[in-house]
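Okay, structure first, notes after.
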């Protein structure tokens, strides 16, 4: 663009105008015109320049946006593509490495196959001769005949398996390689497509950038303004950026080309891998063919070997036959030669003998004179030889006879052993069958006995119910007679009233008779009250009485099948009913219409008598249907479980008017009476309240008036009378069912044995709940004791479902007191354990042994006496009582054996002395109370028997933490391990049942038991000695783990003292274990060996502790080393400590305590012998250790 310059305006115009006004005016006009034209032209150029600038700015903005988008696309696309290409390159490298590894493996496999084939050829060439001679060696049974074809077969088999596995590997790798090649080809195609797309985009971007650049240059040249220059600079920058991007794209292309070359190289390598794989497959096929050829050659060799073996066998047979013939000939030759030599020697000998004979003949001729003497000597010798031969023959015959007898005896012994074995087997089978038959017959007899007892009890209850019903019927008959007499008396009064004048028929309004009967029953609200209308009054009264009678009879019919027992009530009927009837009749007689209704009154009385007769019939029918209702209720209760018991209790707590159907029935329409008056309480009821268990707790509910006011309408006089009669019946039944005097819970033990057998009568619900208790009752002599006040005492005492919460704490205290009384009675009488009855055994299990509630309930159901409990075997305990845990069975067996040994008449005296045992006789109790009278102290049996003194809770909660072994508490608590069982736990039970795997912890437990033995299992003595040694260094044997930690903390080693928690270190271990020294304690305290100062301090204080607080003494030879006895593993073997073998640990003798204590009397651990006060040193009973028997 050309830039036009405006002409300059001269400043001398004003001067010139003054000189020439015309010229000046013309110039000014021209100047103005030129200025205006120039202005218009400049305005147009300005507009054009502004438009161009706006378009250039718009284009610049668009180019900037495009540049940003391109940069974003490049920044997004190129790094991702580059990363993808690098990933693909890495994958290709990994695949190359895998291919190289596969090639190396294939080469190694090929080398292995070549080596195997060479080995096979060597074996075949080496053992060719041995293969041929194998059969010969086998037949000759040479010791070095190891068959070499086995190696050849093994080599062939291994070669075949190797080629098979190699073929599978090659196929698998080929498949994986093909899959990878396919994936790589797909990725390569995708990368090629993306590269083409990028090239297209770059070409499009270049074309788009070049066109706008040309347009922008033209505009700037046309306009020639400054902003257009700026746009040109910006486009130049954009072109530079584009050039840079082109360079980057070129670089990317180069990289892509490199990657493509690498991909081609990879493909070539993959092709080479494929070719090598093919070669490997060909080699594999060749090897397989070689293998087949080798197998065929092997078959040919085997056939050749078989033919050679056959030939060899035939040749061997021929050779053997030839050898035999040669041997025979050689033997014959040798024999002939020997015969010839023998004949020559014989001839020589004969010649010598001939010479000798000649000489002897000459000598005999010389000695012929002495021949008779020699003959006599020869005869004697011949006789002696004959005698010796006879004796020898006799000896041989005797030996033969003895051998024959010995054989016969051996045969008889074998037959006897066989017979003994057969007899043993037969006896075992017979004993098993007899046991089975006895158990089955026992079960059948027990079932039969239970059925008979149940039938007998039902018979007794029914007979007593019938007797009570007869009594009730007699009472009703008496009431009927009384009513008849009353009716006669009223008839007489009516007759007298007929004879009086009419003016005396009504008394004054304010008289006493009017006031007395002011509360008489009224008519319903709907009935008209017409005192002077006779007909209407009669009709109203008749309707009212008939309605009352019908409704009351309906009420009785609805309430009787409910099965609920009415509340207790006095048996005598008071005069309230008579007063009510008098009130009714008097009100009618005083009315004006009552004078003429005498017949109506008589009819009404007759109807009342008929209603009474109907009630008697209903009572009899109810007695007959009692059993049916009891069975129905039993089925309902057994099906509903605990809910039925709650419903039973809730229904028993209400009067009969509020139970079942009565609650749901509407009020009688014609009962216009108010609530009847309650009967006064009888003296029997008062004594029952004060001296006996309340009836509502004993299973018979007590209805005292209306229990829930406002819920039901007031009953009619007839229904109230029926309720009173049924209440009297229930009261009698409840009193007979209790079977005890009013103060039965406080009866003395002497009266327990003198009390006669009482029969019990049960109502429907009482019989229903009584059937469940038949199997749990003890002997008849103990029935009043075990069921002292309530029929459900035993079930509530050990109720695992928590039903005991329904009763108050007073009932539980009474039950515990009753059980303590049972045990006191057994203690006072000195009864043996076999003579204890069922309730006493159950009380002993619950209070003394401390068995759980479910075991106590099982024993109550299955154990009826102490004899049954004492004779239970281990399997019977598991089967009958259901105790599957072996430690629970051990607990029960030990408790039973302890009680049997304590209560037996042949028990040693040491077990019944105050110092030797907590079990005391009556005489010892009296002597002990007499000795404590000056101190004014009461010593009860609970304090002396000390129930639960050292039970499993004490062992788990107190004793184990004191030993430093609280981590085993849960296992000991689950196994119910008490102090009685501690001495009888073997290693297997400690490891498996109690999970005590650490041997040091078992040693710690052992020394804790030793401490208890030395203290004679006296818990109070243990606690007293621990309290005394709490602040002093004395009596280390009773120190607990906490006390030892406190002692360590007091030494200044507080940071190490916490390491003794759950370590098993306690005072008995320090005092009784001779092998435990300060180094063991330092190891348990985890004091490092570098801390020599702390170890020296511990050594010094430990020696002080041992010398001051224990019986251990320092060795005289060395100043700072203790005397060491043999190892505890050798000294305290478990069999020696327990006194029994592990096999005999299941069944322990009754005197297991003394045996176990005697076994512990080893030289390393001397026990303190505790003698009773009243025994002398020379007595035989004081020789052994008197061990205090405890109760847990």
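Heads up, the Cβ atoms here are built off N, Cα and C, so glycines get one too.
Candidates 675, 712, 1141 were compared with Swiss-Prot; the annotation phosphothreonine appears at 712. Of 142, 665, 1125, the one with phosphoserine in Swiss-Prot is 142, while the others lack that note in the record, though it may still apply to them.
According to Swiss-Prot, of the residues 790, 913, 790 is the one noted as phosphothreonine.
792 is the residue among 764, 792, 1107 that Swiss-Prot describes as phosphoserine. The range from 162-200, 201-239, 240-278, 279-317 that Swiss-Prot describes as region 'Disordered' is residues 201-239. When DSSP labels each residue, the domain 'SAM 1' (836-902) comes out as 52 helix, 2 strand, 13 coil, counted as helix, strand and coil in that order. Using DSSP to sort the residues of the domain 'SAM 2' (951-1015) gives these counts of helix, strand and coil: 46 helix, 0 strand, 19 coil. All chains included, 9 other C-beta atoms sit within 10 angstroms of the C-beta of residue 207 (phosphoserine). For the coiled coil (1012-1038), the model gives a mean pLDDT of 91.
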